[in-house]
């Protein structure tokens, strides 16, 4: 296997503060021109600001990346983790552009004035409120490298890509993707950022906002699922190079981040001088064992540069390689995956090579974690209010007012303190009954449909376990269709849900004839800038949904047009909504519908399925269970997890995830000593891909071998002794030695 290592080296060129400076500092007063409000929150806002005597118009759209259950964690004096209960807003972060400048990007927060960056093609301006100003005055300044000739990287031959790439543009996928990230800030960076929890949190919010702007073209949102601050002491040693630190962090992550949901975790580390700026594993974004990274923050780089470092690490973890500047092109002066992007100002765009890499990544099953949709409604997080019937941070329960709590029988929650009453284990939840936890094994969430699974109370929590479903790609609907995200994707069933039980799925002739017409009413495969898109011959089962009318009744659906067409003696039905209607998606064959052998519909095209050759198969489950969405076996009754091989007649069925299993952890989750793919340490010009023999010299991969050397020496000695004893026994049976001297002489000779 080709093992690849990237090194970002030579950053000593950034040691001095003279390498960058703020120029043309001036005061401006932003003027709000208009805004669009939804449910009390500004979703769109327009500002005018003056820079060097010229007025610029900023068009901003709300960008939500803090989920409702977001938490900031710290540790108390005993080392126990605690919720720091920070007050913050998630609705005041915006992303947009400067009117009249197509290659521009604006990333600002409006929580307390305007704070953020205005990026033009080759220059970046920072804006922040002027402290103690009473007239909404802001400071605006240009950030520019003073000595751009400094080489930041080792002088070595560069070889970033082994495969040729097309130069033409490749459009990314249209559907949204989400990367849920847990960020850890180590002690020295916490001090460097201000030694204040609120200030550091806001800077991390700004960092994630800047990183989100980078991934706009991929329609990816970076969700900051939780933030952890190592205020007084680091939980692991942060010394050593990025490679060693990555292995150390992943080992810690495996033990301590299991209860905090995330797709990927990153440790941010401050260094006065750094030879490397980060490490991650290539293409391992959704692999629970390797979905992590380390980003080093050298003293003199800006938050904008740190965002590029983070974006490059995230890109590498999605299998997006560094650009070969001779083969890869982008509209901007510096592409994102060009290592020089870390030290250039202005807007940066992914190259055509990066877009192709990303398209390959999301077309595979291993990218599935990016499809989880978090809760992203606007909210304002403030101190917990006891008595509002909402359990908030710091509360064990909240049953409402004293009068409301008094109606409960029995009373589990103290209405004055929002703490559990003495003797109570819980106050509410699917697995709470009469103030105590329900016994393990009681069903708390029955399956909804044939692609869902049972969940059970675990006996130690009031909450039902997470909703786990059958693995994508499992056959359903009499083996004609497949499960996708817990639903059986069956066009015939969709026809029934829309038109009624008497309607059947459309005939092959309906799809073949009508979806080939490029007619908005009869059949299309989408709408483009050039008009209606005709379905190509291989995609006709993935365009407009076709159903078969079996009665003489006229169907009427509010706000929809029903189309009837006679094709080969069958009455074909299709549906037409306005494109912006809430139910417009019902017009189309759903993503995941089977359209051929090992093919499914995706974005109105019939493509090779990614739901085959998965890590979990029926054979892994001893043919006595099925695989769930976490690729663990959900075993039949009497057959026990994790692999459905052991038997217990009392077992009702389930998995290690369903709540009713009392066994240990899940075997087969490898540790760091079994790493099969080396980490990427993002590099800069002068860095090449190292082959396997070079990678094997890395410290984290050689220590297990040295631990085994004494074992092999001892084993060899034992084998030699046994062979010699057997040899001597044979001699004792055939020769009669009369003296020790003769014995020694014979022994030396025969040896």
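Any Cβ shown, glycine's included, is placed from N, Cα and C.
In Swiss-Prot this protein carries:
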DISULFID  286-369  disulfide bond
DISULFID  328-353  disulfide bond
DISULFID  330-335  disulfide bond
DISULFID  444-464  disulfide bond
DISULFID  616-627  disulfide bond
DISULFID  621-633  disulfide bond
DISULFID  635-644  disulfide bond
DOMAIN    177-374  domain 'Peptidase M12B'
DOMAIN    383-472  domain 'Disintegrin'
DOMAIN    612-645  domain 'EGF-like'
CARBOHYD  122  N-linked glycosylation site
CARBOHYD  147  N-linked glycosylation site
CARBOHYD  219  N-linked glycosylation site
CARBOHYD  289  N-linked glycosylation site
CARBOHYD  352  N-linked glycosylation site
CARBOHYD  434  N-linked glycosylation site
CARBOHYD  458  N-linked glycosylation site
CARBOHYD  559  N-linked glycosylation site
CARBOHYD  566  N-linked glycosylation site
CARBOHYD  643  N-linked glycosylation site
MOD_RES   745  phosphoserine
SIGNAL    1-16  signal peptide
TOPO_DOM  17-702  topological domain 'Extracellular'
TOPO_DOM  724-751  topological domain 'Cytoplasmic'
TRANSMEM  703-723  transmembrane segment
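Taking residue 616 (disulfide bond) as the reference point, the recorded positions whose C-alpha atoms are within 10 Å of its C-alpha, out of 286, 330, 559, 633, are 633. Under DSSP, residues within the domain 'EGF-like' (612-645) fall into helix, strand and coil as 0 helix, 8 strand, 26 coil. Counting only residues at least six positions away in the same chain, the Cβ atoms of 620, 621, 622, 633 sit under 8 Å from the Cβ of residue 643 (N-linked glycosylation site).
Sorted by the number of other CB atoms within 10 A, the glycosylation sites 122, 289, 352, 458, 559 start with 559, the lowest. Sequence-distant neighbours of residue 330 (disulfide bond) (same chain, six or more apart, CB under 8 Å from its CB) are 336, 349, 350, 351, 352, listed in sequence order. For the pair residue 644 (disulfide bond) and residue 458 (N-linked glycosylation site), the C-alpha distance works out to 19 angstrom. For the domain 'Disintegrin' (383-472), the DSSP-based tally of helix, strand and coil residues reads 5 helix, 14 strand, 71 coil. Comparing local CB density within 10 A for the disulfide-bonded residues 616, 621, the maximum falls on 621. DSSP assigns residue 566 (N-linked glycosylation site) to a strand in the three-state reduction. Rounded to a whole number, the distance between the Cα atoms of residue 328 (disulfide bond) and residue 369 (disulfide bond) is 28 Å. Same-chain residues at least 6 positions away in sequence with a Cβ under 8 Å from that of residue 335 (disulfide bond) are, in sequence order, 323, 325, 328, 329, 341, 348, 349, 350, 351, 354. The recorded positions recorded for this entry are 122, 353, 566, 627, 635, and the Cα of 627 lies nearest to that of residue 286 (disulfide bond).
Considering only the disulfide-bonded residues 464, 627, 633, 635, the Cβ with the fewest other Cβ atoms within 10 Å is that of 464. Rounded to a whole value, the Cα-Cα separation of residue 458 (N-linked glycosylation site) and residue 464 (disulfide bond) is 8 Å.
Straight-line distance linking the Cα atoms of residue 122 (N-linked glycosylation site) and residue 353 (disulfide bond), rounded to a whole number, equals 22 Å. Within the same chain, the residues at least 6 positions away from residue 444 (disulfide bond) whose Cβ sits under 8 Å from its Cβ are 430, 431, 438, 455, 456, 457, 464, 465, 659, listed in sequence order. For residue 635 (disulfide bond), the nearest neighbour among the listed recorded positions (219, 289, 353, 559, 627), judged by C-alpha distance, is 627. Comparing local CB density within 10 A for the disulfide-bonded residues 353, 369, the maximum falls on 353.
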